[in-house]
Each structure stands twice: as C-alpha cells, then as structure tokens.
4 protein chains.
Amino acid sequence: MSSRIRRIAISTGGGDAPGLNAVIRAVVIAASDRDWECYGIREGYNGILFPERYPEGGVFRLTRDRVRGIGHLGGTILGTTNKGNPLAFPMRMADGTVKEVDRTGEILDTFARKELDALVCIGGDGSLTIAHALHKKGLRVVGVPKTIDNDLDKTYTTFGFDTAVSFATECLDRLHSTAESHQRVIVVEMMGRYAGWIALHSGIAGSAHAILIPEIPFDLDKVAAKIRARDQVGRMYSLVVVAEGANPATGHRSVLEEASAGQVERLGGIGEWVAKGLQDLTGKDARTVVLGHLLRGGSPTSFDRLAALRFGAAAVRALAEGQSGVMVALALPNVNYVPLDEVAGRMKAVPPDCDTLQTGRDLGICFGD
Amino acid sequence: MSSRIRRIAISTGGGDAPGLNAVIRAVVIAASDRDWECYGIREGYNGILFPERYPEGGVFRLTRDRVRGIGHLGGTILGTTNKGNPLAFPMRMADGTVKEVDRTGEILDTFARKELDALVCIGGDGSLTIAHALHKKGLRVVGVPKTIDNDLDKTYTTFGFDTAVSFATECLDRLHSTAESHQRVIVVEMMGRYAGWIALHSGIAGSAHAILIPEIPFDLDKVAAKIRARDQVGRMYSLVVVAEGANPATGHRSVLEEASAGQVERLGGIGEWVAKGLQDLTGKDARTVVLGHLLRGGSPTSFDRLAALRFGAAAVRALAEGQSGVMVALALPNVNYVPLDEVAGRMKAVPPDCDTLQTGRDLGICFGD
Amino acid sequence: MSSRIRRIAISTGGGDAPGLNAVIRAVVIAASDRDWECYGIREGYNGILFPERYPEGGVFRLTRDRVRGIGHLGGTILGTTNKGNPLAFPMRMADGTVKEVDRTGEILDTFARKELDALVCIGGDGSLTIAHALHKKGLRVVGVPKTIDNDLDKTYTTFGFDTAVSFATECLDRLHSTAESHQRVIVVEMMGRYAGWIALHSGIAGSAHAILIPEIPFDLDKVAAKIRARDQVGRMYSLVVVAEGANPATGHRSVLEEASAGQVERLGGIGEWVAKGLQDLTGKDARTVVLGHLLRGGSPTSFDRLAALRFGAAAVRALAEGQSGVMVALALPNVNYVPLDEVAGRMKAVPPDCDTLQTGRDLGICFGD
Amino acid sequence: MSSRIRRIAISTGGGDAPGLNAVIRAVVIAASDRDWECYGIREGYNGILFPERYPEGGVFRLTRDRVRGIGHLGGTILGTTNKGNPLAFPMRMADGTVKEVDRTGEILDTFARKELDALVCIGGDGSLTIAHALHKKGLRVVGVPKTIDNDLDKTYTTFGFDTAVSFATECLDRLHSTAESHQRVIVVEMMGRYAGWIALHSGIAGSAHAILIPEIPFDLDKVAAKIRARDQVGRMYSLVVVAEGANPATGHRSVLEEASAGQVERLGGIGEWVAKGLQDLTGKDARTVVLGHLLRGGSPTSFDRLAALRFGAAAVRALAEGQSGVMVALALPNVNYVPLDEVAGRMKAVPPDCDTLQTGRDLGICFGD
C-alpha cells in the first residue's frame, strides 16, 4: 500500500443524497491537483460487475471539466444503487437455485487490471461495510459517510441531512397556515426508520406541536390530549410530525389492535395510522402528508455543500497521507479519520438526554411519552 | 347604494391560498386612506352566524396596525371555512330532520345593525355565488377571486396559483435526481380536480415526462410507452405528473377494471392508481408523491403578492366608484371588473389549443392521448 | 424562403437573463422533433465573426443530449456579448482610424456555407434590430425577446423579469428587519435605466415605503416628508427603492446643485445620491444597497421557465409555419407573432395610469411626486 | 441569588441577526412553562434608560401569545441598538462637555423596582461585556451569543451565521452565470471585519475562485495570476470573495500606494479597491457587489432557528439551575455554559490550519498568499 498513487476510483452507493456531486467534485479536483487521475464507477459497483450494461464504459475518466458546475446539483453523476451487495451477491446457479456469492474478487481484479491504486467510496452503513471488506483484502480505501437520516455513528453529521431538515421545515411552514385556516390536524410523515433526527430537528424548527420518533415509543392518547388542550385555548389546529420508524407504545387500543403490520401497510404507513387514530380520539378532521421522496433530492444547502466538499478533500488528503480503511468524519470544528471497523453496524440514535430533545420539551412539544 | 361609504367588512371563504393576507392588507390600507373603517368577519360568515363562538368578536376592527407585516404571510388572519353555505345552511329542525336554510338575512341584518356599508368578499366560485346573492338583496359587494387551481373564468389568473406552481416545480426539481439515481418512475399527484393548470404549468417548468390532466382523458399504455422509449435511450427514470381529477380513457384493462371509484379511493387516489398501473405495464419500480396540502400554504411569491395587492386595492376603488355586484379580475396588463353573474358556475379549463399545451407537446411530453 | 428547413442556428445576445437556457432547450427539442438539426453560435455572432477564438468551433452542434437538464440553470450555454454590433462593427483601418463596418454579410455567408436555413435570435432591442436587418437581407429569422427590465414593447412580459422581481422582493424582505432594528433609511438601487418595472413590482410586493422610477421625476423633499411622517407614528425606519434611471425633478437644492453627472457617478450612482440627500434632509442614518448584478443571474422562477419554454417552442413553430422577420410575443393567455419592424426601438415604460402604480398609491407608497 | 425566580427580562443588543426572535420565543415559552413571567426591554437597555421614549412601556410583558409565530421572522420584536453602552454612556455635562457615565446602576434599580429576578441578554461581544458587569454587580444574568460573523470564541457557532452563509452562497450562485456570460471579474464584498468565516464558508460552497479574508494578508498579484491562469484554459470569468476586513500584504504597488485609508473609503470599501486593482492588473472588466446589509436580515434557516431555540431554552434552564454570569454555548452535539469572563474580548479567527481552509486550497481557490 505504500506505493505512490497515480489513479483512483470513486463509487457512490445506496440512496440519493444532496451533496454527492459536491463530494465527487472535491475528490476529482483535489486529486487532479496531486496529478492523480480519477475514474468513476457507475451505479455502485455495477460498472465493474456488469460492464456490458455501460456501452460508454462502466469505469470512466473523471476530469476537472467533467465535474465543473456540479457542486450544487442534486443526485450523483455516477449513478447509485442499493441492490446487489458484492459481498453477498444473489446469483442463479446451474441447478436453478439462487446463492449469495462474494464478488469482491472481481472488483479487486478490475482495480489491478486498470491500475487503479485506491478507492473513495461514498455511502451509508452498507457501502462502508463493503469498503471495509475491500480494505481488508488489500485495497487502499477511504470511506465518505452518507446518510440523510444522520444515523451514522462517529461523525457529528454528514451532507444531505441539513438539506432534508431544511426542506421538511419549509413544508411545515407551509402547512401551518392551511392547518390553521381549516382547523385541522395535519400529520407529516418523514424519513427516519431507525433514528428520528430529521423529525426532531425539523419538528422543532418548524414549530410542530407533537413529534413522534423511533427512540420514544408513543402513546396516542397523549398526542390527542395535546391537541385537545390546544383547542381549549383557541388554537384549533395541530401539526404532528412522525418519523416513519415511530412506534406506538400503548394506548388507543381500538386502532392499535387492528394495526398488525399488514394493516399499517394498508393504511399507507405510520402517518396514516396516526392520523386515523387522532381523528378517532379528537373528533377533528385529520390529514396526512408524506414527505419521503421529496427529502432525498434537490440542491444541497450551503451547509451540506461545504460539508460534502470538506469530506471529499479530506478523503484525498487521507489517501495522500497513506491512510486506508478509514472513514472521513466530522468532529467539529474539524474533520478527522475513523477506522472503518469502528463504524460498521453502529447506529446513532437520538439520545434521551440531548439538549435538542430537552428544547422540544421546554417548548411544550408533545413527544407522546 | 349611492350613500357615502364609512365602514366596510371583509370576508374570506373556502380553502387557504397564499396571498389572502396581502389582499386583506391592501383593502384595509386603501380603505383607511379614504377614511373608511374596516372590519373583518371571522371564518367566512361564521363571525356573524355564530357570534357566540368568538369571545373577542365575530366581527372585529381591522386597523392599519393590525395588518402591518402580514403581506408575505400565508393563511388568513380572518380564518376561513368551506362549511356552512349561508344560502343553504344545514339546520336541525324541531322534528329532528335537517333542512337547508337561507341565512343571508342574518348577514344583511348584521350589516345594517353594525352600519357596515359594503362587503369585500374574497373567495372561490362558492363564495362569489353567495356574494352575488347578497348583492341582489341590496348589499354593496365587490368580490375578489381566489382559486389556487386557476380554474375561475373571466380573470387571467389569481393570487395563489403562481405560488402553487412554483412549489410544485421545486418538488419536481428535487425528485429528478432521486428518480434518476434510483432508476424509478415517480408519480406526482397534485391539485386540480376540474382543471389541470397547476399540473400543466409545473409539469412543463419542472421537466416532467408525462402530464395527465382532467381535460385530456389518458391512456396508460401511452404513458408506459413513453417510459419504455426513455429507457431504450438510456434515460432510466421518468416523472409523471397527475392532476387529482385526471381520468383514464381506455387502456390498461387489468388495472382499470378493478378501479371502481371505491378502489381508486382505497389505493389512495389517482396518483397511486397510475403508479401501480405503470409498475405493472413497465416492470419498473414506481412510487407516488402526493403534494396536495403542501400547495395551499406558504408565503406567496412576489407575483402573487403583487396580484393580491392589486386585487385588494382595486376592490376598494370599485366600491369608491359606486360599483357593486362585480368581481375584480386580471385582464392583463390591468385589472378590470366583471359582473358577478357572469362568473358564477363558470369553470376555466385548459383549452385544447392553447400554446402552453402545444409547448408541452413540442417538448415531447406525453399527455396520455 | 419557402424551402424546407433542415438546419437552424441559435444566437443569444446582450446581457445575461434567467431563462436563456430554457429557451435554447425548447428550441433544440422542438426542432429535433421536426428532424431539424440545431447549431449554436457562440457569444452573439462572435462564433461567426471570430472563428479563430473558438478552437472547438464557433458554430457547434446542439443535440438533445447537449441541452438536457439545462432548463433551470442561469446563464446561457452559448455565451453572450453586448459588444460588437455586426451592423456597425468598429474596425481599425489601414490608416489607423477606426470605422464602423457592416459585417452582416459575413454572417449570411456563413449561414449559406454551413447550409443553415434559419436563425432563432434571442436578445433585446439591439439584438432584435440586427435580426431584423438579417431578415431584410433574406435570412429566415425569428426573434425571441429578452429583457430583464421588461421594457420591450409588444410583449406582455418576457422571461427573466419575474426572477429579477422575485429576488429583489426577497432582498427587500431581508432589509425590513435590519432597517427596523437599526431605525435606518435603506435605499435599494436596482436595474431599470429607462423603465421602472422591476422597482415598481418588487417595491410594492416587498412593502417599500417609497419607489422612485424613471417615469416619475421625483422631489426628494417629498420622500423625506414620507420618512418623517412614518417616524412621527413610531415607524422609525424606511425602505426606498430607486431604479437606476430615476431622476430628481426639483427640490433639495443643496445636494442637487452639486449633483452634476460626474458627481453622481462619484457618489456611486443614484442610490447613493438619494441616500445622502435623505440623510441630510431627515437627519436619519441612511445606507445604500445596490442590487444590480445580483438580479441578472440565477435559476429562473417557474414562471420564467415556462415563459422561456413557450417562447422557444413558439419560435420553432413560427419557422415551421414559414414565418420570418417576426418576434415571438406574449399576448396572454397565448403567444403570438409581431413583425420585427414594429418592435425595434420601441420602449415600454410604466404608464402613468396603470393599476399597478395606482395600487402603490392606494397603499400609501411615495413616488416622489 | 438563590431566591426563586418569578420574573425575568430579556434584552437584545447590537446588530440585527436572523434568529433573535426565535431565541425570544424559546425563552418566553420555556419560562412560562416554569410559571415565570417574562418582560422585554426595548432596544437594548433604552427601554430602561429612556422610558419616556416608549409610551407603551420601555419594559413590557411578553406572553406566549405575544411570541406566537415569530420564530421564523427576521429582526427582533424588542428592537435593538448598538449605540449607548450603559457602561460608558456619553452624557452632556452642565459645563457642556461630554463625559462617559456608568448607567448600570439605573438598570439594577429598575430590575429591583419591577421585581425582575434575572436577565437573559442576547448580544455580541459588547452586550456580553455589559451582561458580565451587571452580573458582577449582583444581577442574575445569562448571556446568549449573537454574531453573524461567527467570530465569538467559546461557542462552535451561533444563530445567524448559517443564514448569512446561505444567502451569500445563493448570491454567488447567481453571479456565476452573469460573470461567465459577460466574461467579467466580479468582486463580492461581504461582512467580516475581523474574521473571514462568512467569506470562507460561502466562498467555498459558492465556488468562488479567490477568497480574501482578514486572517490572510493578500497579494493582489497572486489573485490576478489566478484570474489569468483561468483565462488561459478558457475560463474567461472569475468570482472573488472579499471580507470587508481583508488587507493587502504587498504587491500591486500602483494601486496600493494611493490606497490610504481615506482613499479606500472613497472607493467604497475594500471590494471596490480590489476590483479596480484587478482591472488594472488583468485588463479585464471588473465589477463589485457589496452584500453587507443583505446578510443581516431575513428569515433564519432551519439550522439557525434550531440553534436559536436551543440557546433560548438553555438560557432558561441555566437560570432554573441557579447559574449566573454564564453564556450559553454550542459545544456540539450539545449546549453548555461558559463563564462570561472567559468570553469577553476574545475573538475567534479562522485558524490557519483548519480543514475548511485546506479544503479551499485543495479545490484550487486562491487566498492571495
């Protein structure tokens, strides 16, 4: 691994996140400054695993010209995928059965054949686990964390999260006037399967009246009580933010009992379930808005652009310093490097004693507990 | 009606729309300039019909101070309602039956008792019909058109529409990168029960690949063909905009047959139905985003603020000129007045030969026909 | 001119305007749909007049791929210039003198040599005059109007104007709180050399307290009186919008007398001059903000995107219909075509009797008259 | 100081900053939750020092109702001032001379007379110094840091900075297309008298080509060389960000020599000076845009809203815990408290070795050194 770097490859895996292109831009420019050539791998590792799909090349040259003016664009010029983990790739065998096969060897072969000296891998928990495996097999690898949900441990935050919170807050702003004019309960469901960061931050910034997150099992009766208390002082509407991974603890039996997994699904998700329950409990008209897909895309905020550029530049510096098997992390005020084996499989939930949660409570927001 | 005006009242009816507060602000300031006093009626005509609900007054003074700084805020400081049409108010009779009662007499009485000389009524088709009835009973009335959907006849546009189109376009911008990164079909359902203006304008501005509107019955097979054609030239994703009032013409039998009204409802609306159909027809992963409530609220764009202020000021000028029974309308470049009886019940649909639709066709957008 | 079109060229001239790329995109896609090939001319006509400057071609192929995803980007992929009018091009003669030469012949020759059958020319008054000359010399030409200032006659509006008004309004929003907190007069100078449309529209939408435009010579004493009147009712700050072409009529001698053209220049423009005068007259702290360059760029609003796309598609339809020597215009609700000789040199000023101006007066805004 | 709190006062001092109202809202709601009454002091301490100026009360009750819906508004409902430091208040003596007088005694008297038990003071370095003095004289005081420039030590960041960076970045985005279309150098001057944080963050996020900050004395020749190098590879425009406190080190004598303080002033600030110098050195057309006042106002970003709410809530918790003489600080991921005597007079400059600066260098941005 001590040999001089001349060519590096970049890969983006998992879901879309605002700032991916800014990371790519920073990697390419910072690497070009060191006279390294950059190559992009299309759609995770598909550019290597399925070269036949890409007539223009599954691994293609990234020049300064190619990344000009992409820093503020959403999406990723490399494409991404969250199918086909090369560590356990589902393949149909001769006997018709499907087996999961380790295809990382093909990736290493391609790196060797194309004389690619290192990989910058931008992705979430899954992608970083693959990166870690490639590192252990001898590839020079630096990971860049990506998670809109902000649920990756060991980094204060990542790019994409601020953009998502910002847009979710704008949506809450918009819904206030409509909910108030129509005296309704509006339930806003947003991303956050395992951690409620987006719901918590946007809910407080956007003046929601209740916020339900996976970390705090909720009692729907308490939410209903909050809504009724508001009605009694003449505040005839309420906004309820629900992370998609929020879970009812107890309470409101009549709805809860029928809410087997399948039925929640049928209702269109937890947001719909909460709205229906609150309508039953309060007698008020309740509606659901699901933000899901809207939070993934779009132009990154200045905060996320800067974070993404810092991550990309730091990844190149890490390689130049001879590092491998590390993830770039934000340990404010600076970036640092964290060994990949300390990252994989570690989830960062909202801590019950964090001051942000306490701020919500001080502001009278109901968390359903 | 020729007597001098000293006091006027303002009412907002129907759904929320960005710009309502700007109209109110303009009416109050322009009227104060003429030394008229202004009063707001709470929640449509509820402030008059149910005074007991409003301890602080169902009809309350609006001063310059009260309307300061509200021009860029969403919602309406008067509140609004789309329940309880005073022309046919549902009332429980002594025998337990419910009858629709004309309660406009109570409104006229209140105007007389409070010495209110005129009414500025801001609302959609329903509200303007009530305004027309009040005018015919002798009240001095000027209407201000409100319809986010832009489906009111006799006015080029109204406030709220530009804000809705603007936000819908921003949402499409955000969805492009995610749909592309994930190679998905994303179906975006938006307001437009009878007219497809929002879908048409935002769909073109936001580079949608198909736009389905009530004015053009659609064939889902044609939309699917468009998506497949894009796939074949390497554009592996598509955005489909669907107005909530869009209707399938023929085609895609297997889904269409089961789509009785109830079933479309169960599926969560036409967007969900289109997504499911396209997934069946193309084999691609398809998702739905419903913008509905998000389009009603929020701060008005500068275009809508200006339109709202022009409408409000023109309403006061109309009263000052002795007019009644008219609606303020935008006949660009200027405002003019249209008799209310020419407005009520007239819907402005997207004309099949308008150049905007032709622009969409020239850009290769599929309209399902 | 009746021959079938197979190749067309596009040119953008004059200053930057949000929406140029959307026009280009619409022209290319609509033309490709008709199996026409499109070519872009770099920087006005420089790509033809100075081919040596463009190693990659002064006239280059524009494919669908080349215009993908550019509709929401500011600027123009063709580049633009407001130097070097080919009708009167300054050239150094053998004897050292500089003479203005008509170089349109070179443009026609290039069109002939490259077998370009028509030109879509996007530009302001100057560019449309050139287009008209080329048309008279036999070239098939359709013009697309461009003017952020909205001062072109014969079209209701053009792309770019709404974006400029929108941003100027946002700037005024931002300045309100600072001006109020610091109890200052803030003078905001914005584009509008000959017509005050941007100042008028953004000033009203952004709740300015005075608006000074070229169409209404202003008396600074009246503006000062407005500011003092606000102070007396406890409104200790004022926002004054000034179009760069606004002119003092009479009044405030002490400042006016020293304000020869050179001195206004030295002060940094009319905004600075107004601020200094108001500070003298009111004794209040006054500051200037000059928006100029900020209003030209940026991503077009949805309104401007749609207008630009409609213009571009209509230009292609005009050519397909055999038209030449016309400008596409917005005659709401539709586009139409206007002969170029009715356009050139005609300026659209704010009419003294328009309802927008009257709205401003009704809202108590001071116009300095 | 150990007595139970029943009434607290809030004061905002210094310049406007987005988020002030959110802090006030959080303080009022969190305090009301503890059954404390809240009072606002108008315009720094003017409400106490000049009660006669405020007929409606220089110290007035802040209820939950009064702070409803203000969290996303710019400015401060209390007003602010940066004149009249009560520690050294300029007062005209009987003999006509002006002496600086300590008026903190009047403040303490008023607190005693009105039975105000504690003060939450929101402000910058100057305001926190006053707060510290009041604390030393026995008042229970908690400070909330305010500085758009982000130059306060001991806190990672404060509210307002992200909004300023966000808007500055948007302005740079807008200027790219215009600078490119016109092949110009555009110099953008922004706040940052002592520290270049806004310039650094927005310059990197907004893809500036050179960034000049107070921490790095610049050589204009190096900036000119960067511009020429860009020209040579066909990038015919450049954006140069200049913090208002940036200083030339050496270089470009002809301009520098005439640039005595007075002359820089005459030129309209450092931005103008840099533009003129670059025009001389490169022969390119150069323009200046001064953002100054635009960065102070406006609606806070979601990041700043949340930071402001956390600060406000934490200030109340600090008082409830019996703390005094401390400033709330952001020590991510949580807030903490820092003694006021460790804060006053300590400036946080951009450290020469921070990774953000290194990111800029890795991206090829010229810092003039």
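Glycine is treated like the rest: Cβ placed from N, Cα and C.
Listed in TrEMBL:
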DOMAIN    A:7-319  domain 'Phosphofructokinase'
BINDING   A:Gly15, A:Lys83, A:Gly84, A:Gly124, A:Asp125, A:Gly126, A:Ser127  ATP binding site
BINDING   A:Asp125  Mg(2+) binding site
SITE      A:Gly126  site 'Important for substrate specificity'
BINDING   A:Thr147, A:Ile148, A:Asp149, A:Arg184, A:Met191, A:Gly192, A:Arg193, A:Glu244, A:Arg287, A:His293, A:Leu294, A:Leu295, A:Arg296  substrate binding site
ACT_SITE  A:Asp149  active site, proton acceptor
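Summarising the substrate site geometry, the residues cited as binding it (A:Thr147, A:Ile148, A:Asp149, A:Arg184, A:Met191, A:Gly192, A:Arg193, A:Glu244, A:Arg287, A:His293, A:Leu294, A:Leu295, A:Arg296) extend over a maximum Cα to Cα distance of 33 Å. The subset of binding-site residues A:Gly15, A:Asp149, A:Arg287 lying near chain B, with Cβ atoms under 8 Å apart, consists of A:Gly15, A:Arg287. Residue density at A:Ser127 (ATP binding site): 24 other Cβ atoms are found within 10 A of its Cβ, drawing on all protein chains shown. Per Cα geometry, A:Gly15 is the residue among the binding-site residues A:Gly15, A:Asp125, A:Ser127 nearest to A:Met191 (substrate binding site). Its Cβ taken as reference, A:Asp149 (substrate binding site) is surrounded by 28 other Cβ atoms within 10 Å in the chains shown. Within 10 Å (C-alpha to C-alpha) of A:Gly15 (ATP binding site) lie the following binding-site residues from A:Thr147, A:Arg193, A:Leu294: A:Thr147. Across the structure, A:Lys83 (ATP binding site) and A:Asp149 (substrate binding site) place their CA atoms 19 angstrom apart. The two recorded residues, A:Thr147 (substrate binding site) and A:Gly124 (ATP binding site), show a Cα separation of 6 Å. DSSP assigns A:Arg287 (substrate binding site) to a strand. Under 8 Å, Cβ to Cβ, and six or more positions away along its own chain, A:Arg296 (substrate binding site) finds A:Gly15, A:Asp16, A:Ala17, A:Pro18, A:Ile148, A:Gly160, A:Ala164, A:Met191. Taking A:Asp149, A:Arg193, A:Arg287, A:Leu294 as the binding-site residues under consideration, the smallest Cα distance to A:Ser127 (ATP binding site) is found for A:Asp149. Sequence-distant neighbours of A:Arg193 (substrate binding site) (same chain, 6+ residues apart, CB-CB distance under 8 A): A:Asp149, A:Pro214, A:Ala243, A:Glu244, A:Gly245. Taking the binding-site residues A:Lys83, A:Arg287 in turn, the residue surrounded by the fewest other Cβ atoms inside 10 Å of its Cβ turns out to be A:Lys83. For the domain 'Phosphofructokinase' (A:7-319), the predicted model reports an average pLDDT of 92. With a 10 A radius on its CB, A:Leu294 (substrate binding site) counts 25 other CB atoms from all the protein chains. Least packed by the Cβ count within 10 Å, out of the binding-site residues A:Gly124, A:Gly126, is A:Gly126.
In this structure the C-alpha atoms belonging to A:Gly126 (ATP binding site) and A:Arg287 (substrate binding site) are separated by 35 Å. Under the DSSP three-state reduction, A:Asp125 (ATP binding site) is assigned to helix. Of all the binding-site residues listed here (A:Gly15, A:Gly84), the one with the fewest other CB atoms within 10 A of its own CB is A:Gly84.
For A:Gly124 (ATP binding site) paired with A:Leu294 (substrate binding site), the C-alpha to C-alpha distance reads 19 Å.
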